[in-house]
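Undergrad: Below are the features listed in TrEMBL for this protein:
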- 1-19: signal peptide (SIGNAL)
- 87-107: transmembrane segment (TRANSMEM)
- 119-144: transmembrane segment (TRANSMEM)
- 206-226: transmembrane segment (TRANSMEM)
- 256-278: transmembrane segment (TRANSMEM)
- 351-370: transmembrane segment (TRANSMEM)
Amino acid sequence: MTSIAAAPWILVAMAVAAAYCIVGLQTKSGWFDVIDAWGAAHPTRFPGTGLDGTLRTTYLGVPAVDHHIAGGMRVFAAMANGHHQPLSLFSFWFAGQLLAVHTLQVLEGLRAGNRGRLISYTAFWGALYQTMTFGITTPIWAALWFWTSPIASVTAADSDATLTAALAIEDTDLSVLPHSLIWGYLLPTMLCCLPSPAFVPFDQKVTFILVWQFFPIITSVSHRLFSAASRRLRPAAATTAAPEQKKAELARRLRWVYIFTLTLVVANHAATLAYVLLPSLRPPSLAPPNPADVDVASVFGPASTPLKLTPVASIEDGALNLLQYDGYFGAAAVLYWASIQFWAASDAPSLATVLTGLAGPAGAAMVLVWRRDERLLLASVPKAKTT
């Protein structure tokens, strides 16, 4: 078992490895050159359509910035257009894992012990992994958590006051969190998936993809607005509950947030695996002409590795390779972060491998953090004496 002192350094090493696999391998495979060449040949073409005039070239009116945004839009359009099934399936699966990670980061940012620390600014971290990639940013966030969060050093033997001071989240913040996730993350994600032009015109699809880039900020703003409205409409009553009762109530409220999120994450994970592993269950309208085109290797196996480089022939192939490393490193980092916390709080086996099979690595991390909370808030162990 890795010590908490060593954990952040392992996470920093993961961030370095992620940078090589996410950026370095894609550079060596020629993917960025493919994007530039495709953009030069078809500057206004929405990937997968064969139609010019379906993709904007002007966004903010600054040529250098617009060029960068247009390149990103081509990648995200390739992910969302459904023409490259392995890429679309992995994007769908990744969206579920990202929901789990983002929810965990929001919860950690809301905890009393983390308030005001750099790790608590969830919108900042979300914007960072939208630009610097999820797989590089998440290990850095987790390393900083170990270095700066007081929760990293608490145990079930600490006093009720110490545990509450570290883990507490305001009732209002918890009660509105699912609504914030629905409006800030789930709705923009679903809008990105609407087929174009069958359901929405291309220009509207581009707008939805562009708006999705800001989901961390939208989620944070939604949460602030919902929290403020809830406090005004339903002012919290003064409470004289004992610390033990406060801990139990916090555990109960957290439980509903975890259940809400995990239900969606597990459903997403199970649906993806069922489609990949069981061709007979694929709806005829969605199934590829050749069922063998979609299997575990094509969806989840990177084509390029540090030991074997495969030249990229299309935007879609390179996007899939990047997204796989992005998702794996980010989810692995948060699973490692959660496992270290769980091992520090409990002697029970983490069952991380089993949980990963059921909910994916990020879903498994959420279960472990939930179990950590239950252990710290509800376990009956001798308490440290206070003076």
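Glycine too: its Cβ is placed from the backbone N, Cα and C atoms.
Tell me about the surroundings of these features in the structure.
TA: Packing against the transmembrane segment (119-144) from elsewhere in the chain are residues 7-9, 11-12, 14-15, 18-19, 21-23, 98, 101-102, 105-106, 108-110, 213-217, 219-221, 325-330, 333-334, 336-337: each is 6 or more residues past its ends and has a CB under 8 Å from a CB in it.
Sequence-distant contacts of the transmembrane segment (206-226) (same chain, six or more residues past either end, CB-CB distance under 8 Å): 46, 55-56, 59, 69, 72-73, 76-77, 80, 102, 106, 122-123, 125-127, 129-130, 173, 176-177, 179-181, 183-185, 188-189, 191-192, 194, 200.
If one looks beyond the transmembrane segment (351-370) by at least 6 residues along the same chain, the residues whose Cβ comes under 8 Å of a Cβ in the stretch are 93, 96-98, 100-101, 103-104, 107, 254-255, 258, 261-262, 265-266, 269, 328, 330-332, 334-335, 337-339, 341-342.
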Undergrad: Report, as numbers and ranges, which residues of the same chain sit near the signal peptide (1-19): CB under 8 Å and 6 or more residues beyond its ends.
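TA: The answer is 133, 135-137, 139-140, 142-144, 146-147, 152-153, 325-326, 329-330, 332-333, 336-337, 340, 343-344.
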Undergrad: Report, as numbers and ranges, every residue of the chain located at least six residues beyond the transmembrane segment (87-107) whose Cβ falls under 8 Å of a Cβ in that stretch; write 'none' if there are none.
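TA: Answer is 78-81, 122, 125-126, 134, 138, 141, 169, 177, 180-181, 185-186, 189, 193, 216, 219, 223, 254, 257, 261-262, 264-265, 267-269, 271-272, 275-276, 294, 299-300, 316, 319-320, 323-324, 326-327, 330-331, 334, 338, 359-363, 365-366, 369.
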